[in-house]
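Record features (TrEMBL):
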DOMAIN    2-158  domain 'FAD/NAD(P)-binding'
BINDING   ALA11, GLU32, LEU40, VAL76, TRP362, GLY369, VAL370, ILE371  FAD binding site
BINDING   HIS147, GLY148, ASN149, VAL150, ARG191, ARG192, GLU203, GLY369  NADP(+) binding site
Amino acid sequence: PRVCVVGSGPAGFYTAQHILKHHGGALVDIYEKLPVPFGLVRFGVAPDHPEVKNVINTFTQTAHSERCTYHGNVTVGRDVTVPELQQAYHAVVLSYGAEDNRVLGIPGENLPGVYTARAFVGWYNGLPENRDLKPDLSCETALILGHGNVALDIARILLSPLQLLRKTDITDSSLAALACSKVKRVWLVGRRGPLQVAFTIKELREMINLPGARAILDPADFTGLESAIKDAPRPRKRLTELMIKTALEKPVGMQAAAAGAAAPREWGLKFQRSPQEVLPSADGRRARGIRMALTCLEGSGDSAKAIPTGDVEDLECGLVLSSIGYRSLPLDPAVPFDSQRGVIPNSSGRVEGVPGLYCSGWVKRGPTGVIITTMNDSFDTAQSVLEDLQGGVLDISPSREGFGFVENILRSRGVRPVSFSDWEKIDAAEVARGKAAGKPREKIVDPEEMLRIIGH
């Protein structure tokens, strides 16, 4: 059987890995729109979390299997359609992730000084489409909307001492911009309360221990929570206890400040505030703050809803980053898509109403969870493919040409795919440039330059 996987992030690679491991004869082709593989492992994971990127070694092993082939620089839906892939393969798995972001839907959202978390993370991680972002870091206060791990990542990058970032694979241009940054205070604002934050304890602890930055948590926000978390699941309990402990501690930075040292950088959590509008500066040319509706919670736990109380509060800030979630987009008119939920309707990864078509990762279940969540989810989809192969749901008697068929289509449309060994040349160039600067790698951010390196 010939199987095609669209997308070379964790979902794509884990799906391919599982199929190759449990079916001795399957041939898997992975398609990726960028010349370079690995999706959010390369472009989403924070530069100061190198250990999370170790899964790249596993993915590279999969790509080196003689039954697996990588075709980069191919945009499915434009260079080749999904129905064309279905003609070439017995099974097609869509694992292309979430390449858009949810919008706030409030006035002033498009003012200069307002950025999505997705674009900002893409900028410091070298995602080609965000390389020209040039965020304005000339203000003292930044405000991040959202209480997830991505929000904490951004706060940490904004406040980290430069010597910590210099040793990472953060891009050269973003490092230069951060070196000139005036930001010294970051607020992370959420619509709900401390019991609903989506970040995890590891990320929170890292933020609390960040050198040269102090946490500002208001003890009043945590009144009565000790009793409320008695029966909560252990991760939620430990996370809340850490916030309470941090709120009650006297900041260490105070003695230094009293001794006349420069005021430290600081960050804090604000709860039960929902953005109503971004406030423009006097000349209307940029953001100067954000108007928040104060909320009260209805219900409890994860299902609690934030209801506006009618009161508002203005927060001054020159930089607004909205970290309220990524969003998948429809890929091809031939593929059903639930635009309300931003997913492909499916059951166990089988796309509803289209036999032989599957999905895995964020486009299957929505943009939540960490790499391990995506791994399990992709194994689940791969298992569906294997069951359908074994149960005769997928007819493999007609032979399919696989890439041979697709290659003719791409050639006729002037598209030149990039192989995995091409990627390894780009990889070697990045590592060599990084070595010169004492970094693990210096990412190449321009796809044209990537293609030049491999002589395309």
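Any Cβ shown, glycine's included, is placed from N, Cα and C.
Keep in mind that TrEMBL annotations are predicted by a computer and have not been checked by a curator.
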Looking only at the domain 'FAD/NAD(P)-binding' (2-158), what is the model's average confidence as pLDDT?
97
Same-chain residues six or more away whose CB lies under 8 A from the CB of HIS147 (NADP(+) binding site)?
LEU188, VAL189, GLY190, ARG192, GLN196, VAL197, ALA198, PHE199, LEU269
Across the listed NADP(+)-binding residues, HIS147, GLY148, ASN149, VAL150, ARG191, ARG192, GLU203, GLY369, what is the farthest Cα to Cα distance, given in whole Å?
20
Quick one: which of these binding-site residues, GLY148, ASN149, VAL150, ARG191, GLU203, have their CA within 10 A of ILE371 (FAD binding site)?
none
Going by a 10 angstroms cut-off between Cβ atoms, which of the binding-site residues GLU32, GLU203 has the sparsest surroundings?
GLU203
Taking every protein chain shown into account, which of the binding-site residues ARG191, ARG192 has the largest tally of Cβ atoms within 10 Å of its Cβ?
ARG191
Neighbourhood of VAL370 (FAD binding site), C-beta criterion under 8 angstroms, separation at least six:
ASN149
Among all the protein chains here, how many other CB atoms are within 10 A of the CB of GLY148 (NADP(+) binding site)?
20
Sparsest-packed of the listed binding-site residues (ALA11, LEU40, VAL76, VAL150, ILE371) - C-beta count within 10 angstroms:
ILE371
If we check Cα distances from GLY148 (NADP(+) binding site), which of the binding-site residues ALA11, GLU32, VAL76, TRP362, GLY369 wins as closest?
GLY369
Would you please pick out, from the binding-site residues ASN149, TRP362, GLY369, the one with the fewest other Cβ atoms within 10 Å of its Cβ?
GLY369
Measure from the CA atom of VAL76 (FAD binding site) to the CA atom of VAL150 (NADP(+) binding site) and give the result in Å, rounded to a whole number.
28
If you measure ALA11 (FAD binding site) to GLU203 (NADP(+) binding site) at Cα, how many Å is it?
23
Quick check for the class: what is the C-alpha distance, in angstrom and rounded, between ARG191 (NADP(+) binding site) and TRP362 (FAD binding site)?
24
